[in-house]
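As given in TrEMBL:
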type: ACT_SITE; residues: C87; note: active site, nucleophile
type: ACT_SITE; residues: H204; note: active site
type: ACT_SITE; residues: E206; note: active site
Amino acid sequence: MNAAVIVFPGSNRERDVAAALRAGTGSAPAMVWHADTDLPAGTDLVVLPGGFSYGDYLRCGAIAARAPIMDAVRAHAARGGLVLGICNGFQILVESGLLPGILTRNKNLRFICKTQHLKVERVDTRFTSGYQPGQVIEVACAHGEGNYFADPETIERLEGDGRVAFRYCDAAGNVGGLANANGSINDIAGVYSEKLNVLGMMPHPENLIDGAVGGTDGLVLFAGLAKAA
Ligand SMILES: NC(=O)CC[C@H](N)C(=O)O
């Protein structure tokens, strides 16, 4: 599979996600600078990594969404190409209009850094085909603005169309309550685009790829993507 990781000034998880792609797909991704205007020919998957692009100035992801490379990312998505945005990458996807809704300050107004359980809502997408229906997975959270919000019509559409990818839950799979630390509406941790080819998620699957360091629940996503591509 040919993956491209976009690197913005202030990205800090691009190496983590490159390691996850190498481990999950067997090949190293191309690293593409934000000021470039083209993706490498034959790119199957674009990854927008986590971090603090442009120092989180204005709003997280707002400036990166207007970077030169984003026209090529939008065109890739419009052709049905795969796009994965993780944390700051999710923020960039909503700021660029590739996904609906917004990501605003965590409800406790603090940076949240912890492992987190997620419920996998569906396993018939190219991102989640490696999981079991209803599986509870463990991933890492590290964000200040992960509180997902959208207007009631948008939420109804997302829920009705099965476009919620993951929800915050406890170890037993109970959704919401204290498990939803950032206050996201409907406990939403990740959403798909209409054609299910764009996924934005707040937690970091790329940091759970090694049994010796916390587990491999994240690796499943990258390995599944390679199979799907
Ligand atoms: N880990 C990240 O990608 C952090 C995203 C963003 N800078 C925030 O704090 O919300």
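Just so you know, glycine gets a Cβ as well, placed from its N, Cα and C.
Keep in mind that TrEMBL annotations are predicted by a computer and have not been checked by a curator.
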If you count CB neighbours within 10 Å, which one among the active-site residues C87, H204 has the smallest count?
H204
Let me check the 10 A CB neighbour count of E206 (active site). How many other CB atoms are there?
29
Secondary structure at H204 (active site), reduced by DSSP to three states:
strand
Rounded to the nearest Å, what's the C-alpha distance separating C87 (active site, nucleophile) and H204 (active site)? Just drop the number here, would you?
7
Got a sec? Which of C87, H204, E206, the active-site residues, have CB under 6 Å of any ligand 1 atom?
C87
